[in-house]
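Asks: Got a structure for you, written out below as structure tokens; questions coming shortly.
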Amino acid sequence: MMIMEYVIETENLTKQYGETTVVNKINLHVPKGKIYGLLGRNGAGKTTAMKMMLQLAFPTDGTVRLFGTNYKENIHTLYSKVGSIIETPGFYSNLTGYENLQILAKLRGGVSKSGVEKALEVVGLHKEKRKVFSDYSLGMKQRLGIAAAIMHEPELLILDEPINGLDPIGISEIRSFLSKLSHENGTTIFISSHVLSEIEQIADVIGVMHEGHLVEEVNISELHKRNRKYTEFDVSDGKIAAKILESSYHMTDFTVQDGTIRIYDFSQSVGEINREFARNGLLITRINDSEENLEDYFSKLIGGGGIA
């Protein structure tokens, strides 16, 4: 049996500000060479957890291991392997994108002469490198942040909301770039987001945070196996439809929201249920076969409401 190698591990990682616990005993496991998506509403504790991994905030309790080593040991060696964006990247507004990266490269050290140019090309800013940062769009600023994080070719990327502010084309490009970086270069990527559809498309593993707790950690392939198929009816009266399912077919595996009833029980055909609804005077305006996605799963896990 192969032992999984983790690039990031936390054990009972906790952060308190006064009497408020913002991260509560989380145990994260980020496999080497994989993309780990950390999901959660704003205020769930995602950014604070990432800050503790980078020593931008210090744990109240618990430990962090990077590359199998306690991050308090050999700190400079460990962090030379890490690139990161936490919250909004900071740059000099009166300097060009290229000049900003040159300064950061000198401060960081270990960046090859071609590293800055290559990073700008990878994120699609090579033609804009002489433009002053204050003239960059929000999406361009976000790309420059990613360029700063990758210019020293790190083994681990920690990215807090990296697609924030990007248009659909930019999101697609960054998604493709991160996937390529992971699958071709073996870079481990730890990414936070509240955009469920984007995480679902690129992540190998997801963790879900809610009110400071890590409530789930699961391989995306396993999650897809769990997602259940269902038939959805839009009807004139959902409560009557529910009573029909219970009395006529003894069904209990369904949900009702207003005039939409979602049936997970396939003991009866869709045609039979449709006829029974019609016989009881219900108007059916839509029938659709589908299966639950990551958003459905997330909503059930944290009690509905989605991510805001």
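Numbering starts at 1 and runs along the chain as it is shown here.
Positions of Cβ are set from backbone N, Cα and C atoms, glycine also.
Keep in mind that this is a model prediction, so the values were computed, not measured.
So Swiss-Prot has the following annotated:
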type: BINDING; residues: GLY40, ARG41, ASN42, GLY43, ALA44, GLY45, LYS46, THR47; note: ATP binding site
type: DOMAIN; residues: 8-236; note: domain 'ABC transporter'
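Tell me what's around each of these sites.
Replies: Around the Cβ of ALA44 (ATP binding site), 25 further Cβ atoms fall within 10 Å across all displayed protein chains.
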Asks: Would you identify which of the binding-site residues ASN42, THR47 has the most other C-beta atoms lying within 10 angstroms of its C-beta?
Replies: THR47
Asks: Using the CB centroid of GLY40, ARG41, ASN42, GLY43, ALA44, GLY45, LYS46, THR47 as the ATP site centre, which other residues of the same chain sit with their CB within 8 A?
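Replies: Neighbours found: SER192, HIS194, MET209.
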Asks: Just checking, which of ARG41, LYS46 (binding-site residues) has the fewest C-beta atoms within 10 Å of its C-beta?
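Replies: Comparing Cβ neighbours within 10 Å for the binding-site residues ARG41, LYS46, ARG41 has the fewest.
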Asks: Count the other Cβ atoms sitting within 10 Å of the Cβ of GLY40 (ATP binding site), across every protein chain shown.
Replies: 25
Asks: Based on Cβ atoms within 10 Å, give me the single least packed residue among the binding-site residues GLY43, GLY45.
Replies: GLY43
